[in-house]
Amino acid sequence: MASDSPARSLDEIDLSALRDPAGIFELVELVGNGTYGQVYKGRHVKTGQLAAIKVMDVTGDEEEEIKQEINMLKKYSHHRNIATYYGAFIKKNPPGMDDQLWLVMEFCGAGSVTDLIKNTKGNTLKEEWIAYICREILRGLSHLHQHKVIHRDIKGQNVLLTENAEVKLVDFGVSAQLDRTVGRRNTFIGTPYWMAPEVIACDENPDATYDFKSDLWSLGITAIEMAEGAPPLCDMHPMRALFLIPRNPAPRLKSKKWSKKFQSFIESCLVKNHSQRPATEQLMKHPFIRDQPNERQVRIQLKDHIDRTKKKRGEKDETEYEYSGSEEEEEENDSGEPSSILNLPGESTLRRDFLRLQLANKERSEALRRQQLEQQQRENEEHKRQLLAERQKRIEEQKEQRRRLEEQQRREKELRKQQEREQRRHYEEQMRREEERRRAEHEQEYKRKQLEEQRQAERLQRQLKQERDYLVSLQHQRQEQRPLEKKPLYHYKEGMSPSEKPAWAKEVEERSRLNRQSSPAMPHKVANRISDPNLPPRSESFSISGVQPARTPPMLRPVDPQIPQLVAVKSQGPALTASQSVHEQPTKGLSGFQEALNVTSHRVEMPRQNSDPTSENPPLPTRIEKFDRSSWLRQEEDIPPKVPQRTTSISPALARKNSPGNGSALGPRLGSQPIRASNPDLRRTEPVLESSLQRTSSGSSSSSSTPSSQPSSQGGSQPGSQAGSSERSRVRANSKSEGSPVLPHEPSKVKPEESRDITRPSRPADLTALAKELRELRIEETNRPLKKVTDYSSSSEESESSEEEEEDGESETHDGTVAVSDIPRLIPTGAPGNNEQYNMGMVGTHGLETSHADTFGGSISREGTLMIRETAEEKKRSGHSDSNGFAGHINLPDLVQQSHSPAGTPTEGLGRVSTHSQEMDSGAEYGIGSSTKASFTPFVDPRVYQTSPTDEDEEDDESSAAALFTSELLRQEQAKLNEARKISVVNVNPTNIRPHSDTPEIRKYKKRFNSEILCAALWGVNLLVGTENGLMLLDRSGQGKVYNLINRRRFQQMDVLEGLNVLVTISGKKNKLRVYYLSWLRNRILHNDPEVEKKQGWITVGDLEGCIHYKVVKYERIKFLVIALKNAVEIYAWAPKPYHKFMAFKSFADLQHKPLLVDLTVEEGQRLKVIFGSHTGFHVIDVDSGNSYDIYIPSHIQGNITPHAIVILPKTDGMEMLVCYEDEGVYVNTYGRITKDVVLQWGEMPTSVAYIHSNQIMGWGEKAIEIRSVETGHLDGVFMHKRAQRLKFLCERNDKVFFASVRSGGSSQVFFMTLNRNSMMNW
């Protein structure tokens, strides 16, 4: 009969007829956050008595359930162990909003049994306390069961205590009646850890049934909770617990300290077969319940404990940090389980006469109630306004403080910059003064030596005059003597003995004898040459690396001027190294140069060493003439000082001409070294030579050469030519130190004393032949076909600029990034006026000058790709090294957009070289210039991926990137080649073509991280960066500012789950799995919530340590977390409210292979399988059965392998995957069968591999970044590095891929690549 009463009385309840609680009850504070509503501590306005008020929204769907609950509370709450129901109210809300139902019940001020457990030392209650509480629960259940009512949700949280230690049950009958609502809300039914197996079976099988004995199972679990602090399986995910409870044996007490009566009581309650479980009345007679000590004594102990706890909690306790996250479902904003319920001193429990008190003296107190209500509302509003004002004031103060701090930092930064500029200016001024002082010293030394030489020359002149007079007299005497008669050599007086001859006569005679021995065929020629008084004086000229020193005054030697000599040195001679100064080279004697003198001069010159018998100076060096196309002697001036010089090998074409097989006499000249003695005569002509000659370099080539004297071909055809250089000389202009661009060298005007040599009517035969060969070489080079640049030069030069200077030179955008691809590139041009040498000089890309394309050694296509002329022989040897060490292909970044010269742009001389505010470096092949910033070079065809090894250098990792074209784009460029050849003027001004480009782009953030970047994750638009030393946030929405969030903690892996409001990480020294709350991290930046700062911002997932790798896998509405440990794999799953954390789902320990990489797949939406990679191969664990088996073991590789990635292929129902290891990847299914006859083959061993959501897979190697199709493994594109470097994938979203440079112990930077999705097929 009683069971029918709730249904019969439903019609009697009219929710709309319920009164409004305004003026009767008021809410004081929230004390509980339940699944079905919020529980407040309330106060009766008139009497001040406290009540528990449950507030629920009334919707049309739930009206019937609410009526049932009210009816059950009315009928069955009148028991000493059930919280008493006092009444219900409806709080009306405006249209469009649900009304609120207020259920008013007895208030239990001591909180729940769960709170009692938490506040007890060791989280365990005394056995007699447990027995008392269990007996009181059983009495309440007995009352309900007699009326055929099942509570369905017995647990510690629903068992409350009053101040007098009375036990009350709450929320009975609600769980079952609200099951349909719970299902609609997609939340978990009740609390699974306390649920009986038959209840779970009923959820799985609608035909199954259960009775009131299910409450007794829940009572047994609650008894374990009171004994051990938590129910069994509480660390498990609720879904996993629901699965395990019917399958596991009934739980038991873990500790042996409990009495046998208690253990027997647990065993009686926890009988899995509910039909064999004892009834409520039988359990009431169990010894553990029946044989209890003095009840009054137990209640006194409990009351004292409750009072002590209340005093300790008088101060606001720090609870575990609560946060809310969007689960993409309709949930309440607040989360968490009901916390302890506080009770103020003097509070008492409402009795059954509460309704009478509520309605008494209603008319008399109406006015007073209204006044109190209005006053209270005014006080509340005033309090709210005060709180808002205080908060606003605090926010304003924080803003002002931040503004002052930023202003102070800005001023300090400006002051530092100003000081640095002053220091730099002072240093430059000091260097300039030092340079001027050195120049003055050199000039003084030069003048002093000049005067000394003049005096020495005068002495020699007088001495030679005496010798000449003596020799003339001696000839006259010989003519007078008889031919056969031997006369004395000197005649002064008849009969003078040899001992009486003057000393100078003896010396002359001795020297003549020595000269006859050394060169008997020369004396008469020498005498004739010395007596020639008409030779003009010559100034010395000397050239190193194609740079000619400033003009120096000629030597004044009227009697015996020094004669220029052409010196030929073997091309096989050693290269001039950076450690050798020029004047340290050995000086050759006359005999070593005699052959060259006989060929190249009509006159034989006498060496200086035989002209002065008294000089102790070393022999004077030979002079090296400079030749121009139209002259024998040419000097250039206006050369700026302090220009570092580089020398490289000669061109391959010249090298072939000079090979022994060709029989050319050109070889001895090419590659010759300058010969310089230590005599001051030669050194004084170049006061700044030693300081300007920094070093020589040959890049990857096998030989380096310095210039030799060499004539040019047709005179006057190239007005800007540089004479006297047979090599590819390249000038690197350091604009930061010089402050001005390097200007082209203008030929100096020929001085009058040189005019006789310049207009000389004939040339030596070998020089004429040389000019002819060079003209033929130029014609041959001009007729070469154009060749597309596809290869890459791996050699690079050291950057001499400091890190600070490089940063100053970068073009920073508003978001703190540097457009790596927009850094100006240097394109090749012809050597200034020296086409027969094919010296590809450098053109400054910031300059405003243009050059004729016809003067380029190579020409530029419209798309900006460099074209190199190539002979037929070079075509055959394409891709191989020439004999001099050059690669057959030449590669340049194709970043400069070509166009005709705009109107009004002046056309400068053909050989102009201009630089502007950009430090330039020289490449190692063909003298081609490349930017020092270049770190990524594009390839137009993936087949040329195999490149020569890169050179390790100290160049700063300021990276740039270029466009990457496919073979389709290559064909389009080839089709436009003829049109590109017709371009006569090339605009070398860089144009930012990125916004209109379909090619990928790489940018970088200017921020340098002091420690190695290990991981990163996008949080909104910003980037969380994990390093060896902490967690930082890179503000991508602003100026690229970096905020430190956590210091001195290593972050190995991280993922942001914004819907859950958490950041999942592997962090710390012990590699724990920690979950950080995003709201806490946000407050670390904004500092706008002091309460949040006091609370712990993270929790650990289980007690896991030594985590190696994890993967977050979302399947339908469930988020799984699969974790690789040292020799185990754990699976956790996200539990929504009220848990709101990752909870254990399943564990697989003692694995045969150590997992290094893990993933989770759901086969055909039904079977869960863990895939993991080890040093042996790849393996699978069936989650249901726990069986493990191998799916791929690479047998062709000996030893351990390195697994890189596991990619579950789309549209395969989770059955097929691509597994990447070492430099390979294979396609297999979850049962170990190879699904595709293709192996993904990387060009090199990648350091990082990642799947991106454009259905591609990227590999980061030391030489390149490769992008391949996941479906086929085909190469879609590649970015080459300028030098070997380690890069690491961080994260990706949409069309952006983030990665970082990895430098152990050095600075690291963040890069991101923008992949244009619309053009991926054409890229």
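Backbone N, Cα and C atoms are what each Cβ position is placed from, and that goes for glycine too.
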Have a look at Thr187, Thr587, Thr947, Thr991 and find the one that Swiss-Prot tags as phosphothreonine. Thr187
Going by what Swiss-Prot says, which of Thr552, Thr706, Thr905, Thr999 is noted as phosphothreonine? Thr552
Say a student had to find the phosphoserine annotation in Swiss-Prot: which of Ser324, Ser726, Ser755, Ser796 would be the correct pick? Ser324
For the feature phosphoserine in Swiss-Prot, which residue out of Ser326, Ser512, Ser729, Ser859 does the record point to? Ser326
Phosphoserine: annotated position in Swiss-Prot, out of Ser541, Ser851, Ser883: Ser541
Using DSSP, tally how many residues of the compositional bias 'Basic and acidic residues' (288-307) sit in helix, strand and coil. 16 helix, 0 strand, 4 coil
How does the compositional bias 'Basic and acidic residues' (397-470) divide up by DSSP, counting helix, then strand, then coil residues? 74 helix, 0 strand, 0 coil
